[in-house]
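Pulled these from TrEMBL:
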- A:120-130: compositional bias 'Basic and acidic residues' (COMPBIAS)
- A:18-86: domain 'HTH gntR-type' (DOMAIN)
- A:103-130: region 'Disordered' (REGION)
There are 2 protein chains.
Amino acid sequence: MAALPSGILGALDPTSDRAVFRQIADQIREAIDRGRFKEGAKLPSESELVEHFGVSRMTVRNALSILQSEGLASSEHGRGVFVRPRPPVRRLASDRFARRHRDQGKSAFTVEAEAAGSKPEVDSLEVREEKPAPDISARLGSPRKVLARRRRYLLDGRPVEFAVSYLPLDLARGTQIAEPNPGPGGIYARLEELGHRLDRFDEEVRARMPSPTEVKTLRLSSGVPVISLIRTAYDTEGRAVEVCDTVMAADAYVLAYQLPAN
Amino acid sequence: MAALPSGILGALDPTSDRAVFRQIADQIREAIDRGRFKEGAKLPSESELVEHFGVSRMTVRNALSILQSEGLASSEHGRGVFVRPRPPVRRLASDRFARRHRDQGKSAFTVEAEAAGSKPEVDSLEVREEKPAPDISARLGSPRKVLARRRRYLLDGRPVEFAVSYLPLDLARGTQIAEPNPGPGGIYARLEELGHRLDRFDEEVRARMPSPTEVKTLRLSSGVPVISLIRTAYDTEGRAVEVCDTVMAADAYVLAYQLPAN
DNA sequence: GAGGCATACTCGTATAGACGAGTAGCTGTG
DNA sequence: CACAGCTACTCGTCTATACGAGTATGCCTC
């Protein structure tokens with residue numbers, strides 16, 4: 001049946017203690033690293049690998065699943081297993097909230113994406129009042145209720161980020177911040193118009209594997225972690241006026257920060 | 001044989017399209033989320049799950065492997081599968097390189113860890129001259145060779161971080177920077193003594209799944225991503241004097257940054 | 001009591017087989 | 001030519017079985 005997968009893959013070492021499926025994964029990984037299989041290229045099919053290595057199909061699948069969990073490959077039902085292409089990366093600069101970037105009619109995300117030649121979209125926008133989770137509440141000075149603004153960001157049709165902004169209700173209710181479209185310059189511009197001149201942002205960065213929900217909403221393939229970023233915005237009086245909880249597809253982002261040496 | 005795994009887990013829905021092993025994973029995940037299985041607790045054994053759900057062992061293993069890749073559980077050969085405990089987290093503040101933290105005889109890592117009540121260790125220290133990789137080289141202004149300082153950091157015996165510092169050879173050769181122990185205040189103190197007053201740091205943060213090598217050196221369990229942090233230090237003349245490439249176990253870190261609102 | 005061994009449990013690795021479901025290309029019909 | 005359907009390939013799910021290897025426990029011997 002299946003043809004040999006060319007001479008790219010070698011043979012197994014029967015004397016090795018290393019499990020057969022790990023050896024197979026090692027070989028394919030090395031071939032990918034050496035560029036024998038390029039980005040987006042199709043790997044040999046399971047049946048070809050079965051034939052080439054003389055093992056059972058579960059052993060081959062086991063090997064392939066290692067590569068998938070490492071983020072090196074991804075399978076497509078009915079088509080094959082492919083070397084995972086590295087998508088274009090969005091760079092978040094630490095000055096992205098600077099006032100000078102805030103005078104446009106569009107959101108920072110839109111402006112920046114268009115500058116990079118991508119088609120930006122914002123999705124599943126939802127604004128509502130709710131009772132905040134404990135950690136959010138603590139950051140905002142324990143308000144009873146908050147305004148939550150949820151939205152998803154897409155780049156060229158691919159979802160890359162899901163964000164929820166929380167604002168103390170006494171501050172946001174009845175203002176344009178509570179509208180789906182917060183107007184030019186976004187909610188930060190509105191906050192400043194309301195007299196809350198922004199002073200600084202605190203950001204907390206974490207990385208972890210996504211929950212099943214996050215896999216779905218960000219359409220993540222296996223082996224892709226998420227970056228969780230929690231930003232708190234403070235006004236010049238030291239009051240926390242917004243907490244933004246963002247989950248980003250880790251393969252789509254680099255965060256860039258600039259620190260003074262003091 | 002195996003006893004029932006108590007009444008914590010329900011039954012499968014045979015009418016659902018959802019694959020059986022996914023349903024099993026869903027049930028266990030939910031039980032974990034609801035605290036029915038606590039951190040570090042042992043999950044029902046494979047044979048118990050086989051009996052409870054009336055499926056084959058591979059199906060159960062498949063379900064458990066989902067939870068492992070989500071970072072929720074981890075298996076221990078011969079012992080069982082356990083709810084993965086969340087280890088204590090090290091918080092990296094954005095002022096951690098401020099000069100005022102630099103006057104002690106110990107490294108920043110040591111001081112901070114002891115303050116947090118942990119036992120810090122530094123490991124596999126290695127200093128050598130080498131030809132830099134292209135991306136490192138570019139950041140340092142393309143020196144032909146660099147001094148590389150490699151080391152691994154451990155907290156209470158657990159490896160949490162692996163870092164390599166690269167410095168232009170013309171700057172570091174023959175100085176205490178090229179010694180295994182760079183002296184009080186670390187290499188940043190030495191750089192300033194050499195007339196390179198530090199001005200700012202640029203940090204780039206990424207997250208991804210670890211390579212097999214990283215899994216080994218950081219003793220990562222499956223489902224734990226790494227945070228990759230590349231820091232470039234600039235002196236007041238705008239020269240890049242050091243690039244530090246750090247790989248951190250993502251479950252052991254939170255990065256905290258403070259951004260001015262401009 | 002200390003040491004060693006047997007045992008019964010755990011998960012790890014591997015085989016062989018079956019059927020389902022998605023994809024793509026070819027082919028034959030209208 | 002357009003389209004429907006067949007076919008051959010892909011990966012997805014699941015069963016049943018076997019043996020290996022690590023761990024914990026208790027018992028038995030010395």
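Placed from the backbone N, Cα and C atoms, the Cβ positions cover glycine too.
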Could you tell me the mean pLDDT the prediction assigns to the domain 'HTH gntR-type' (A:18-86)?
97
What same-chain residues lie close to the region 'Disordered' (A:103-130): Cβ under 8 Å, and 6 or more beyond its ends?
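Sequence-remote neighbours of the region 'Disordered' (A:103-130) are 88, 90, 96-97, 145-157, 159, 169, 173, 178-180, 184-186.
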Across the region 'Disordered' (A:103-130), what are the DSSP residue counts per state (helix, strand, coil)?
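The breakdown for the region 'Disordered' (A:103-130) reads 8 helix, 11 strand, 9 coil.
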